[in-house]
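What Swiss-Prot annotates here:
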type     : residues                            : note
ACT_SITE : Cys189                              : active site, thioimide intermediate
ACT_SITE : Asp196                              : active site, proton donor
BINDING  : Ile88, Glu89, Ser90, His228, Glu229 : substrate binding site
BINDING  : Ser90, Lys91, Arg257, Gly258        : NADPH binding site
Amino acid sequence: MSLYRDHQALEQLTLGKTTLYRDQYDASLLQAVPRNMNREPLEIFPDNLPFHGADIWTLYELSWLNNRGLPQVAVGHVSLNAASTNLIESKSFKLYLNSFNQTRFENWQAVEETLQRDLAACAEGEVEVALHHLDHFNNQPISTFTGECIDDQDIEVTEYDFNRHYLQNAAQGPQVEEVLVSHLLKSNCLITHQPDWGSVQIHYKGSKINREALLRYLISFRHHNEFHEQCVERIFSDLQQLCAPEKLSVYARYTRRGGLDINPWRTNSEGFVPATGRLARQ
């Protein structure tokens, strides 16, 4: 399901089309998708965002040449502010990174600065970039989401089409503050309909949310077609509207595709800080 599958902003995307791979730096390969495309149907407007947050990208396949032609490799972390005008389409991001492969840069800082400049221009917003040598990750364990997993419920599931109404009247319990986790989030690319696999962490303070209803709601994304960032904002919006928590944070970490993973988080709590460690499937 998608309300904007044929939106004009999607017509020029390379996603889902045969493309040539370039190995010389080309910033024009980056393509933007307006965030308001999915936000307007959710009644989310840029002058009054109900959340703050970011899209955290991990760049696993990043290589360039130093000024003597010696290949360099790094793992990159990019944080794109959720208040930016656009999100960055992931296939175009991959093609853009490939264009670094045979391009010479003076030093690592030049690569960071190039990435930051180009991504900020494409997104029309704030971007933070950090590149890491591979030994930075020595002895770093696989991380887990903190919180209570809701996946092992003894329920029968027969419906997999998106349905926000599972959350209707789902918050009837006592006042609590808790962190819930599910690894059963699966949605599909808006354009190609390829599956996107993720884990989601929901931290809220408010009336206790029925866990069966919440799990059925998350499972209903299984046939849903949207980009990662849009799914997280939809989850946030639906929980906020239908469960009305006092505080809410939604954070999803998706498995990688094309050497990239995308990990969006949205919160209305000033105290929320997303953990950035890789999960088991990443």
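Note that Cβ sites are derived from N, Cα and C of the backbone, with glycine treated the same way.
Positions of the features from Swiss-Prot, shown on the structure.
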| residue | record | contacts (Cβ under 8 Å, 6+ apart) |
| --- | --- | --- |
| Ile88 | substrate binding site | Leu30, Gln31, Ala32, Val33, Asp55, Leu80, Leu119, Cys122, Ala123 |
| Asp196 | active site, proton donor | Lys186, Ser187, Asn188, Cys189, His228, Cys231, Tyr254, Thr255, Arg257 |
| Glu229 | substrate binding site | Arg35, Asp55, Ala82, Leu87, Ile262, Pro264 |
| Gly258 | NADPH binding site | Glu61, Ser90, Lys91, Lys94 |
Measure from the Cβ of His228 (substrate binding site) and count the other Cβ atoms within 10 Å, all protein chains considered.
23
What is the set of residues, excluding Ser90, Lys91, Arg257, Gly258, whose C-beta falls within 8 angstroms of the centroid of the C-beta atoms at the NADPH site?
Phe93, Lys94, Gly259, Leu260
Please find, for Ile88, Glu89, Ser90, His228, Glu229 as listed binding substrate, the greatest distance between any two Cα atoms, in Å.
11
Within 10 Å of the Cβ of Lys91 (NADPH binding site), how many other Cβ atoms can you find? Include all protein chains, please.
21
Would you count the other C-beta atoms found within 10 angstroms of the C-beta of Ser90 (substrate binding site) for me?
25
Which residues, same chain and not among Ile88, Glu89, Ser90, His228, Glu229, have a CB within 8 angstroms of the centroid of the CB atoms at the recorded substrate site?
Val33, Asp55, Leu87, Phe93, Phe227, Ile262
On the three-state reduction of DSSP, what should I expect for Asp196 (active site, proton donor)?
strand
Given that the record lists Ser90, Lys91, Arg257, Gly258 as binding NADPH, what is the largest C-alpha to C-alpha distance among them, in Å?
9
Run through the Cβ atoms and count how many others sit within 10 Å of the one on Glu89 (substrate binding site).
22
